[in-house]
Every structure is written in structure tokens, then in C-alpha cells.
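Reviewing the structure listed below.
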Amino acid sequence: MLDFLGNLQRTHKCGELRVEQDGQDVVLMGWVNRRRDHGNLIFLDVRDRTGITQVVLDKEISGEAHAKAEAARSEYVVAVKGKVRRREAGLENPNMATGGIEVVAHELLLLNESKTPPFSPAEDAIGNEEVRLKYRYLDLRRTEMQHNFELRSKVAMAIRNYLVEQGFLEIETPFMTRSTPEGARDYLVPSRVHAGSFYALPQSPQIFKQILMISGFDRYFQVARCFRDEDLRADRQPEFTQIDLEMTFPQQETIFHVVEGFLTAAFKAAGIALTTPFVQMTYDEAIKNYGIDKPDMRLPAMVSLSDELTPELRETLKIEQGLPVLGFVIPNVGTLSGTARKGLQEEVRGGFGDSGLDLLDVVRLKTNATFAPLAEAVETKLSAAPDDLLVVVTPKLGTPAKWNHDPQWIYKRVGALRLQLAQKFADKHGRFAKTGTEADYKFAWVTDFPMYEWDEEAKVWNAAHHPFTSPHEEDIKAGRLTNDKGAVRALAYDIVLNGTELGSGSIRIHRQDVQAEIFRSLGMTDAEAKERFGFFLDALEYGTPPHGGIALGLDRIVMILAGASSLREVIAFPKTAKAIDLMVDAPTPVSDQQMRELHLRTVTRT
């Protein structure tokens with residue numbers, strides 16, 4: 001029969017007791033993590049969020065408590081009254097923070113029982129993620145998950161405290177707003193009162209936070225819930241949390257300083273000291289050095305080897321004149337056998353397909369007196385050590401057509417190869433291994449993104465970011481918004497960590513005439529702009545100050561700090577890759593009456 005708690009109060013948590021409490025009377029409460037029956041002695045490992053304490057039920061001390069312990073099973077909820085006892089020498093458990101003591105129980109209350117769980121929260125790893133998500137309340141009891149959410153709480157609080165100290169006000173913006181294009185599909189909420197009309201759940205607080213700047217709040221932040229109806233992957237969820245901020249009269253450097261400050265506070269909460277300021281590079285520099293706008297700087301950058309190749313050498317080696325030759329090293333790979341080297345070359349060339357790219361075999365060049373000086377020059381330019389893997393990519397004859405279509409495509413393709421080989425030889429170079437120090441985290445700011453991107457299929461220019469991002473002033477003055485969109489640079493910036501984008505931001509457009517011109521440059525008529533954003537265009541006419549901001553994914557920051565492989569490890573109740581909540585079984589159909597009230601009906605597509 002189960003017990004009631006009565007007036008009993010907990011004196012300590014299960015992870016708190018140490019040898020200093022030897023002899024103290026205590027009351028612990030928690031779950032049975034494990035039970036071991038040795039006849040007259042039964043051992044219960046009692047667990048709560050803080051840790052585990054071993055409880056001893058001795059039949060000679062309390063027959064009643066011992067009898068109850070015989071009935072206890074994993075995940076039963078118990079309360080224990082007893083005395084702390086230092087463990088005898090040689091019986092300590094160095095793997096437990098409380099391993100120097102145990103609690104000898106005088107009384108045991110069985111507060112609740114448990115069915116046999118589909119998996120034990122005492123296990124370190126559960127293979128079937130769907131089972132974990134269906135029984136999330138059990139999964140969240142696991143020590144790893146408890147640590148993840150303790151870390152999340154500390155990180156969020158550290159960021160909040162820092163921003164408040166910097167003069168930011170925390171202000172909530174609406175969850176139910178109007179649908180506006182921001183690059184992904186909206187989640188729509190039908191209105192019962194206004195038949196045929198819909199609210200949208202916000203993809204971000206973008207327009208509202210800009211209106212708060214127009215309203216004179218100077219510095220705003222919010223730990224904001226956002227919603228995007230898009231295809232999922234390991235680092236995406238349909239609902240997620242952002243650290244969202246905006247400020248008036250900033251330069252980019254002002255925003256960088258604030259973000260570096262709150263990231264330093266967040267990482268300090270996780271026991272990591274960061275050095276600021278972070279590295280800065282333009283979008284063009286990121287592409288030329290890393291082949292991607294999210295540079296992973298844990299490995300050496302790409303290097304241009306074009307100057308090492310004379311026109312005569314290019315002709316002899318059948319390398320297209322005038323196009324870049326790029327190289328990089330993967331450190332500490334070691335000497336590959338001839339067979340392994342040939343296999344790797346075939347694998348890489350197969351990946352190139354018909355792109356027009358090829359590999360330059362530096363090892364083979366060194367054996368040829370004609371090309372040995374070139375091989376030596378390449379090794380010097382790449383600062384290659386004897387154990388490094390050298391990779392040199394050249395454009396074959398006849399590749400200019402692809403180059404003219406996208407002048408950065410060679411850099412992007414070689415950058416992708418760099419990351420591919422970095423993963424392949426991760427065990428060799430060790431640059432991705434966690435050391436628990438600042439060296440694990442390579443931050444960078446990427447600035448001056450293209451303002452527009454060309455949609456080849458639709459034959460139109462689209463905003464590369466949201467349409468409220470300001471172009472560089474000189475690009476506006478030079479008339480490039482209308483006559484050279486491909487050259488327009490945005491006052492946009494990303495904060496990147498180890499090749500992962502943590503957040504994006506920009507200086508915003510604060511003049512109504514410039515905002516209207518941007519809408520027109522995107523093919524939107526004045527009437528269409530008025531229909532979609534009339535309220536915002538009106539607000540811009542009432543003394544809008546220069547302003548800018550950024551939003552960083554809190555889920556992603558915590559995921560990286562926790563060393564987790566998926567956002568689902570740091571979101572309490574996440575969705576699956578098919579946007580399903582397995583625990584509550586959502587989404588589900590609703591009743592016909594609810595559909596009628598919302599003026600909706602379902603139609604089966606044929």
C-alpha cells in the first residue's frame with residue numbers, strides 16, 4: 001500500500017551529501033534509480049535532479065522499511081528518513097559525487113509506484129529516439145538530459161542578466177500577428193470571428209522590434225519563441241527560441257560588442273572563458289578563404305596557388321588559364337600508401353563529376369625534376385608539415401563557361417571538399433575533439449553579404465535577407481539598386497561558430513523612401529507593398545531613428561555547449577523530423593464543430 005507524504009519535509013537533495021555530513025539525520029526524496037537485494041540488506045540508489053545517494057535498508061535496523069524496500073522497483077517515488085554514514089575504506093564509489101557516504105534508512109515511504117518503463121532513465125544512452133520522444137517524461141529524468149536543461153537555464157539567465165546590465169529592456173511581442181514573407185512558410189491560425197482571415201505565428205519578432213525602436217525604447221531584447229513551417233533536420237525545429245535584440249543609433253561594431261559580451265557571459269556560465277573581439281571577415285573573404293559563408297576556422301584556410309603557376313606550367317599541366325588554383329592542408333593525416341593515395345584521388349575526382357575540376361598530385365610532381373620546384377613552392381605556400389595531407393585543386397581546360405556563370409563556384413566547391421576531407425580524417429587531425437577549453441570554439445563575424453540573390457528558375461532578384469536590411473550607403477548613392485543588383489552589399493552580418501551559423505542580423509532601413517525603393521527593386525509594386533506592409537511604411541514616416549539588431553538561436557548555443565548532436569537534446573518537448581509531437585500525439589484532426597466554428601472544411605486532393 002502506498003504512503004502519503006504527510007508533514008514530512010526534505011532536508012537535503014540527493015546530490016548534496018558528503019562525508020562532512022557523517023552522522024546527520026536527513027530526509028531524502030526522489031526516484032529509485034537502481035535496487036540491489038542482498039537478503040537482509042537492500043540497497044536503493046535514490047535519484048533526483050542533483051544526483052544519486054545510496055540508501056541502505058537493514059532488516060535489523062528497521063524491518064518495516066526493509067519490507068517496503070522489497071516491494072520497491074525502478075522509478076518508484078520514495079522518501080527516506082535516515083542517518084548519513086561514511087562508507088568504509090575501499091567501499092567508496094569514485095564515480096558518484098556522493099560516493100563517500102551512504103544513508104542508513106530508519107523509515108521508507110513509498111509515495112508512488114511505477115509501471116515497468118520502456119527504458120530505464122538510469123541508462124546512459126537510449127538507442128530508439130522515437131521511444132524516447134513518446135515517453136519524454138522518462139527521457140528527461142536521465143542525468144544527461146537533466147544536465148542539458150540545467151545548462152540551458154544558466155546560459156539563458158547569464159544572457160538576460162548581461163543585457164539588462166547593458167540597458168536593454170525585455171519586452172514581449174505578439175504571438176498572433178499577420179502573415180508576412182520572411183523566407184519560410186508561416187504557421188497560420190484561422191480566426192473564428194473574422195471568417196476567412198488568418199493570424200500567423202511569428203517567424204521572428206522582426207517588424208515589432210523595429211517598431212519598438214521607432215517607439216523610442218532605445219534597446220530591446222527578448223527570449224523569443226519563433227515558428228517556421230519548413231523541412232526539418234538535426235539543427236532545425238518548427239518552434240525554436242531566439243535571443244532577439246535591437247538598438248537605436250548603432251554602428252555594426254556596437255552590435256558586435258554587445259553580442260560578444262553576452263556570449264562571453266553565456267560561455268562563462270558553462271565554464272568556458274572566451275577571448276574577444278572575435279575575428280571579422282567580409283563575405284567575399286570568407287568565400288575566398290573557406291569556400292563558404294560559415295567558415296570553420298579549426299582547420300587551416302584555403303590558399304590561392306595561382307601565382308605559383310606560370311602560363312607555361314598551366315599549359316603543360318592542362319590547367320585553364322586565368323582561373324584560380326586553390327590548395328589546403330588537412331593536418332596530421334600521416335603518409336598515405338600509394339594505394340590509399342590513389343583511392344583517395346579517385347574518390348575526390350568522382351565527387352567532382354563533370355564540374356571541370358581536377359587534382360594536382362603534388363607527391364608525384366616531386367619525383368619529376370621539371371615540376372619539383374613547383375611542388376616545393378606549393379608546400380611552402382601551404383606551410384605544410386611532413387604529416388599533412390596536401391590537396392591542390394585545378395580547373396581543367398574548358399571550364400570558363402561555369403566560371404562566368406558564378407565567379408565564386410570554384411572557391412565554393414573546393415571549400416566543400418575541405419570540409420568533406422576534414423570529417424573523413426577527423427580522427428587523424430583531432431581538431432574537432434573536445435578539450436573543454438576555449439580552443440574548442442572558433443568564432444567569426446561575417447559581414448557585407450550580397451543584398452540580392454539571383455533566382456535562375458524564376459529569372460528574378462530576391463532579397464538575400466529579409467527586405468528590411470539596409471544596403472551600404474555608397475551602393476544606394478551609386479544607383480546600384482536599379483542598375484547593378486549583383487554588386488549591392490547589405491549591411492548584414494552573421495556570427496559563426498565552428499562552421500555553424502549562430503545568428504544573423506543587420507542594420508535596418510530607417511527611411512521610408514529607401515524602404516519603398518527596396519520593395520520596388522524586388523519587383524513589388526507600391527500597391528503590393530502598401531497592402532503587405534502599409535502599417536510599417538506608415539510608421540517609418542514618423543521620425544524613425546537609425547537602428548539595427550540581431551537574433552541568435554538559444555537552442556543552438558546550448559546544443560554546442562552541451563556537446564549534443566541534435567536540438568532535440570536541448571529542447572524539452574521537441575518535434576520529430578516530420579514535425580510530430582509523439583508524446584501528446586500532435587497534430588491531430590479536430591471535430592467537425594470546431595471546423596465549422598472556424599469556417600473551415602477539409603478537401604481531399606485527387
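Cβ from N, Cα, C; glycine included.
Counting only same-chain residues six or more apart in sequence, the Cβ atoms lying under 8 angstroms from the Cβ of His465 (L-aspartate binding site) belong to Phe449, Met451, Ala490, Ala492, Ser504, Ser506. What TrEMBL records for Glu182, Arg228, His465, Arg508 is L-aspartate binding site.
According to DSSP, Leu554 (ATP binding site) sits within a helical segment. The ATP binding site annotation in TrEMBL covers Arg228, Asp229, Glu230, Gln237, Glu501, Gly553, Leu554, Asp555, Arg556.
Annotation source TrEMBL lists domain 'Aminoacyl-transfer RNA synthetases class-II family profile' at 149-574.
In this view, His38 (site 'Important for tRNA non-discrimination') is surrounded by 8 other Cβ atoms within 10 Å of its Cβ, with every protein chain counted. Here TrEMBL flags His38 (among others) as site 'Important for tRNA non-discrimination'.
What TrEMBL lists as site 'Important for tRNA non-discrimination' is Gly90 (among others). In the structure as shown, the Cβ atom of Gly90 (site 'Important for tRNA non-discrimination') sits within 10 Å of 5 other Cβ atoms. DSSP assigns Gly90 (site 'Important for tRNA non-discrimination') to coil in the three-state reduction, placing it in neither a helix nor a strand.
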By Cα-Cα distance, the member of recorded positions His38, Gly90, Arg228, Arg508 nearest Glu501 (ATP binding site): Arg228
Span of Arg228, Asp229, Glu230, Gln237, Glu501, Gly553, Leu554, Asp555, Arg556 around ATP - largest C-alpha separation, Å: 20
For Glu501 (ATP binding site), the three-state class that DSSP assigns: strand
Arg556 (ATP binding site): tally of other CB atoms within 10 A of its CB: 21
Distance from Arg228 (L-aspartate binding site) back to Leu554 (ATP binding site), taken between C-alpha atoms, in Å: 16
Most crowded position, judged by CB atoms within 10 A, among Glu230, Glu501 as binding-site residues: Glu501
Other CB atoms within 10 A, centred on Arg228 (L-aspartate binding site): 20
